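J.: My questions all concern the structure below.
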Amino acid sequence: MVKQIIVDEPLLRVACTLGEGPVYDADTCVLHFVDIDERKILHYNTVSLELEVEQFDEKIGCLALRRDGPGLAGAAAQGFALFEGDSKLEYLSQPLPAEYQPYTRFNDGACDSQGRFFAGTVYDKERGVPGQLWMFNPADGTCVVADPGPFTDSNGLGWSPDDKIFYFTDSRANLIYAYDYDDGKLANRRLFVDAIALGEPRTSYCDGLCVDTEGHVWSARWGGSKIVRYSPSGSIDLEVLFPTVLNVTSCAFGGPNNDQLYVTSAHCKASGEEERQTQFFHLGSSVRGGFERDCARGWTDTSSGRGNDSAAYSGT
């Protein structure tokens, strides 16, 4: 029997159409997250309980903390960017081919321990535009295809505590992959989780994820009202159930001891009462996460321009 935890009281009720991408800043006690469809970045102070909202002209898929400058880093619709407050967005790299740009965008992403930012794109089946995994390196301004896929909607990703394994989610396929990871390079892509084979319904999908210090992978279930925790071997060892929300989208560790799990949700494509659709939770936990991995160190050069579309993945 898999252990289950039920969480039915939200930390914050906020009308996010597509709440995603939480990152916690331990220095300020502020939790940052996005509403992709509404083109917003939200900043929630977990001490003062104040919520600030920035409005942008385009969709923002994911965020990372910065240690070398003000504001945040992340991926907006067409590439990797800085968000320096007052709704200012400055692209560092816009690598998508021109023929792809109207039909895809960057979605989820995260930084490795050296500040390299990995983020994936979404697919357009009708036009044959694949989801792909990209990597931006602020050290030299290059942007490469880390894995060309093809994938469906690129989603949750993260690293094992020793930095030797990289995890990446192909949402519509309901798969989580594992790769060997070495200094920004991916190799030996292999199946880590096949959610359907493990009993999940085809009406729900793997979404965002995070990894704790014990190497467990916490994967949100879009349409599934839960987060599933997988052991390092890929077996299910815990489910966190959210009976008042349908679309659980992502999660991140934070709090004073980095042992609280913050969880986002979305109401798009959901039905029923709004209370079931637009909530933001936190879960007290006995494990710890690793927020330092979300720091975009070295993101200070704003003159890199368009990145180099070359391959950085070897092996399948």
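Each Cβ is built from the backbone N, Cα and C atoms, and glycine gets one as well.
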J.: For the divalent metal cation site that TrEMBL assigns to Glu20, Asp207, which of Asn155, Asn258 is also named?
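T.: Looking through Asn155, Asn258, the residue TrEMBL assigns to the divalent metal cation site is Asn155.
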J.: In whole Å, how far is Arg105 (substrate binding site) from Glu20 (divalent metal cation binding site) when you measure between their Cα atoms?
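T.: Each residue's Cα considered, Glu20 (divalent metal cation binding site) and Arg105 (substrate binding site) end up 15 Å apart.
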J.: Do you know offhand how many angstrom separate Asn107 (substrate binding site) and Asp207 (active site, proton donor/acceptor) by C-alpha?
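T.: Computed Cα spacing between Asn107 (substrate binding site) and Asp207 (active site, proton donor/acceptor) is 11 Å.
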J.: Long-range same-chain neighbours of Arg105 (substrate binding site), Cβ under 8 Å, sequence gap at least 6?
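T.: Correct list: Lys59, Gly61, Ala77, Gln78, Thr121, Val122.
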J.: Within a 10 Å radius of its Cβ, which of these binding-site residues (Asn107, Asn155) has the fewest neighbouring Cβ atoms?
T.: Asn107
J.: Determine which residues of the same chain, besides Glu20, Asn155, Asp207, have their CB within 8 A of the center of the CB atoms at the recorded divalent metal cation site, and list them by sequence.
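T.: Other same-chain residues with Cβ inside the cutoff are Gly21, Asn107, Asp108, Gly156, Thr169, Ser171, Gly208, Ala220, Trp222, Thr249, Ser250.
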